[in-house]
Every structure is written in structure tokens, then in C-alpha cells.
Amino acid sequence: MALISLRQLLDHAGEFGYGVPAFNVNNLEQIHAIMEAAQETDSPVILQASAGARKYAGEAYLRHMVLAAAETHPDIPIVLHQDHGSSPAICQASIRSGFTSVMMDGSLREDMKTPSDYDYNVEVTRRVCEMAHAIGVSVEGELGCLGSLETGQAGEEDGVGAAGTLSHDMMLTDPAQARDFVARTGVDALAIAIGTSHGAYKFSRKPTGDILAMDRIREIHEQIPDTHLVMHGSSSVPQEWLEIIRQYGGDIKETYGVPVEEILRGIKMGVRKVNIDTDIRLAMTGAIRKSLSDDRSEFDPRKALLAAKKGARSVVKLRFEAFGCAGQASRIKPVPLERVAKLYS
């Protein structure tokens, strides 16, 4: 099956009331794990790559691994999404490389550290939409800065994260402003700020409404009911994998992620794309540590990497099933980007 646009997939998810986990990838084992879980559950896939992932794997290597996934799993619709684009030029380069969806993160300046002003965000995002939509590529924007309502810190992942201490207002998307932003930019999907952050250290305790503003999703959705909402920093940080990492020599302090049941609340309120990276990293790290410890004489890295792939696959399968993705892939008929482009004209 050819790669499809994010807009087509999220429109389908909106019509049938499910959410799609968007998994960050940077290596072969991660892509294998995601595609095998998708095949097993008949789930559509969003594979997304950050600037750090593209630097690590190499743009061409990453692109061809995704094309190989599409060839190997012809019945599974795949979106290739650029995560956290820092400028229109970066988004343009990704489109030329074959990405079918790009995120223009105008909530931060091009250094991906400095919070931007609203007009800057609108202008750079509008320019990317104009460029991408002309050829059927989807665009995700971001309004508000990801960050912890507990600490005021954004956290950092692959070089992305606001520096300094952020105010509560900066870390919560304003619903009325979201309506204006969508009207002025034309984004297909909007990443919103509700107190989530990148990385494993999201919350020091199980999150409640004072540090995870789930009700804000409903308020935003009421203002922009036709725009797909995106939750970033939404790994659940499985405690069982933290225990395995600690048991086999790792040192990860007490931490909590976004509970799956809270994500399901978000899906009911209009969230269609749920970004997940840390959960896969934790599962792979735990599996590798256990594999190497269980057989200290083993020197074939494939054994540990196979264990890592199995660990990641188990997490991915659970998310497909929980979010309602399972069984949806076979219901999607791919629309060529050329036809998608006509929808914007």
C-alpha cells in the first residue's frame, strides 16, 4: 500500500471515533516492531521521525526503511510524519524526501529552545500549509508550549524543548486562540498543550487535574470541532518496564506518565493522534538489559535486539488495541496525494 496523508487517516479516525498512536522511530527494530503489531491487529500506522532521528539514522536510510515497511506490509496504511519541524525550510526538505505529513512547530523559534510569539507561529505555520497542501501533504501545527504544570519545565527530547521556566498560561492552549490559529493557518491537526512533556520524567505522582488538564481538550474541541487534536508527550511510562530496567542495573527514578485511561478520555473529546516515544524506549532498554544479563556469554547483538523488538511490539500492540485502532486498517482505501491536494483548492 502506498503511503497516505495524515489528513486521510485522521479523517477516518474522526469518523469512526478512534485514536491513532504515532510512534517515533529511528532504527530497524522499532519499525519492525510497529509494523508486526499493526499487521497482527489490522491497524493503520503513523511512523514519525524527529530531527534527531533523521540525524541518527540518516534521511535516506530512514526513508527506505519506511518504504520497505510499506512493501512488506501492503495491507497496512502508513503515514510518514516529520515530528517538530523547526522551520518552513526543514518542512520543505522533508516533503522532498517523501514525508506525507509534516509538523511545523512554530511554538518555538528555530533553535527549538526559545518560545515564540503568536504572530510568528501563525506566519511560519501558514507558509508551510500553503506549500504542503498544494501537493496533498498534511500539516500539524502546535499552539502552546509542552511543559510540566508541576515544575514549569518543558523537558527535552532530541533537542526540542523550551528553555527556562514557563508560566501556566504558556503551557495551556487557549481555546479561543486555537480557533483563530486554525482559521489563519489552515492546519489539518493541532498539537495542544495540556501539561504533558517529552521524556520519561513527566509527573512525580500519578497525574490529577491540577497537573494534567484533560478538561482543556473539551474546551478546545468545542472551538475547533473540525480540526484533529494531537497529544504530544503521551507515553504512559509503564511501571513494569521501569521495574525491569531497575532490576537489571538501570537507574530510573520514580516517575509517571499519562495513564491510558486519560488518553481514552482525550480520544472521546476529539484527540485523534497520540504521540508515543518513551514507552518504546523503555521497553527496548528493559528487554536489552534483561537479555544481556540472562546470558552473559552471548556476544551476538541480534539476540538482544530481537528481545528489544519483542518488548516494543508488546507495547505497540497494547496501544493499537486500547485506542480503537485494531481492525481499522482494512477499512481504509488509500487516496493519492494528488487527489488530496484538490481538497484544499
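In case you wondered, yes, glycine gets a Cβ from its N, Cα and C as well.
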Swiss-Prot Zn(2+) 1 site partner of His84, His232, selected from His64, His133, His198, His221: His198
Annotated companion of Gly233, Ser234, Ser235, Asn275, Ile276, Asp277, Thr278 at the dihydroxyacetone phosphate site, Swiss-Prot, chosen from Gly186, Gly199, Gly311, Gly324: Gly199
Between Thr278 (dihydroxyacetone phosphate binding site) and His84 (Zn(2+) 1 binding site), the C-alpha gap once rounded to whole angstrom: 16
Closest of His84, Asp105, His198, His232, Gly233 to Ser50 (D-glyceraldehyde 3-phosphate binding site), Cα positions, binding-site residues only: His84
Cβ atoms near His198 (Zn(2+) 1 binding site) (within 10 Å, other residues, all chains): 23
Cα-Cα distance linking Asp277 (dihydroxyacetone phosphate binding site) and Asp83 (active site, proton donor), given in Å to the nearest integer: 11
